[in-house]
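Listed features, source TrEMBL:
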type	residues	note
BINDING	B:61, B:63, B:209, B:298	Zn(2+) binding site
BINDING	B:90, B:182, B:212, B:298	substrate binding site
DOMAIN	B:52-399	domain 'Amidohydrolase-related'
């Protein structure tokens, strides 16, 4: 099988960075020099002449194995979609499916310039294995759902502890564990408190859905006399290690709370639009309150892809449309959300091309139509290009894609397609 | 220079159409058979094994030469953006620029599966020439703007008559003329009436902006005591030959009016979102009223690309988000808007793969990640893929792109980039 040449030292020659042609030199996992002189010999030389360098992107909210469900069901009322289509299929998911689905997702993310992702789902050991093999960075959380039942809670606690032990045992600086309390309507306050305490003791992230729908907010106020963010905070779940996904229905006080706690809000515009949530995350309020803002695609059942370039455009456009201003979330800020903002949210060093930073680098095709003309590379990256303009991807100094070639792609596609067909077959057989 | 083999007869072999493998046979401009038997020899054989066939897409609202302005200015308040950036640059546009910009736009549209476009701008003879050379279908209109001034009106009338004579002289069934009264706030009622009458006499289309912003509606009511659609109708501009772009702020009565007249509404979701118009075209009301609905990208200054696959996703998602329903504008209806709906709006036969139909055919890459798994090709086309999944495009039986190769691409990109740089240079010099 064809492979990509790897080495301890890599030179990206004559690449365009911040509008100037330069050379980026990498030793091990780290960028060691950037400048007009390429310097001495390296193990690997990448011709960057046709490329524009950007930091690798971070997808801060996804369920990557749901790539197997891409296009399986759409355009249905939410409860019917979940109850008749998504949950019955998920009930048949195996560990092997999650491995195949995550490999497919990693393939798609690498192809579209993403180097790291934040995942909450089941069989997360398999997600970690796939991410590791594909060379990506990942923060993985077991989706903790106790449905307010004590016995279930004990199971979820054991599953979470087991995953965190497993990830620690991998001893891999690209793969981190997090706790994944699903949401306030699926996890009891006791479960949330356990997650918060476990996260604190182990210094690991918290990945949760927050204020996705208006119904969630209404129900929470009715049942608890407070809004979802306040309830989560009451349980200790709003921390600097927290990534709260969606956040569509946060009010100004909620934003202040997230800002005060130094938490991160992951904007998922495509998913929010497809599922008709009718309100866009208040990015401006959150930023002004001091909260971190980042970007995510959500899973493939509700997007239906993992292209963070497309997601940047959805984010920048949805903010302007919903919040009624042509100047909200400009291109540079959107790119920053998708890179530095995402890395910070997941606790990874990354999201910048600088000496001393991890070599997480994406090259965009300068000769692509979407980059012609090239008045403004950042505008083109956000508004004009999609992930198809990505030619080359490095993560921690390792070349994951070169000139659009990813080793093993055909096998990954074939095995994922087979797994998806078999999954639907098993689910249909039983119904 | 490398070329694509062309011929009087073309066979697309073993292609996937509506979920089945089949063969599509083309004689001249027309599909003559579809079926399991490939039939006898043809001049050209295209291996369709890795492809999914869809009808070619129609972009029903654009200003294609604005491709030269891609990324030139974004994220600014509308009036400042127009007054300080877009208009000063447009003041320096030459006929040669429009030719180069349109060639670039055609390249991008072909690459992303579009076979026909509806254009309103200046130097439209050049737009027609570029579209003709690139092998596309186009309806071209001179942007008629009299600013309520009689002398200007006479100029615009002469310019419109001249363009229509020119297009008639081309005697090309792929290139049609239309009248292009810009909008109710830039064209006097007398100008609108002349356009309507001229369109009727010559049996050509009307291409106009309608109810794009709330301000337009408010101002119209204040100044004329009626809403923009009613004013246009009063001037005879709402006809079965009319494509009204944007239509964001139509109310239910406006929709009924467009339906009663058999007019077409072109949804331009990316542009509407980027420019923060804060309301989405009421597709459902329009369809229920009997109006035609179709899709367009608008120009590259306000999108910033011409990818109709991306635009389909924006449309299907924005409808759900804004109108608060997960079931609005499902995938199949979206694809129909972008194909059959668009062809009908522009008065072309097209938008379907059937015996007797023009051979406007797009092949999507079956092996692309966005088509894996392939539970539902239509869902994947709308929600998962972008134009990068298009491998091969035929328009009227001529192969415009094959296996992602378009003849002359490098030259088109280089010349357009040069034209854009020179345009900015001239505008900057003078300022």
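Yeah, the Cβs are placed from backbone N, Cα and C, and that goes for glycine too.
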Its Cβ having more other Cβ atoms within 10 Å than any other among the binding-site residues B:61, B:63, B:182, the winner is B:61
Across all protein chains shown, the one of the binding-site residues B:90, B:298 with the most other Cβ atoms within 10 Å of its Cβ is B:298
When pLDDT is averaged across the domain 'Amidohydrolase-related' (B:52-399), the result is 98
Cα-Cα, residue B:209 (Zn(2+) binding site) versus residue B:182 (substrate binding site), nearest Å, comes out at 6
Cβ atoms other than its own within 10 Å of the Cβ of residue B:209 (Zn(2+) binding site), all chains, total 25
Whole-Å Cα distance, residue B:298 (Zn(2+) binding site) to residue B:212 (substrate binding site), is 12
Not counting B:61, B:63, B:209, B:298, residues with a CB within 8 A of the CB centroid of the Zn(2+) site are B:62, B:120, B:245, B:246, B:266, B:268, B:271, B:296, B:299
DSSP says residue B:61 (Zn(2+) binding site), in three-state terms, is strand
Per DSSP (three-state), residue B:182 (substrate binding site) is coil
Same-chain residues at least 6 apart in sequence with Cβ under 8 Å of the Cβ of residue B:212 (substrate binding site), in sequence order, are B:183, B:245, B:246, B:247, B:248, B:249, B:272, B:277
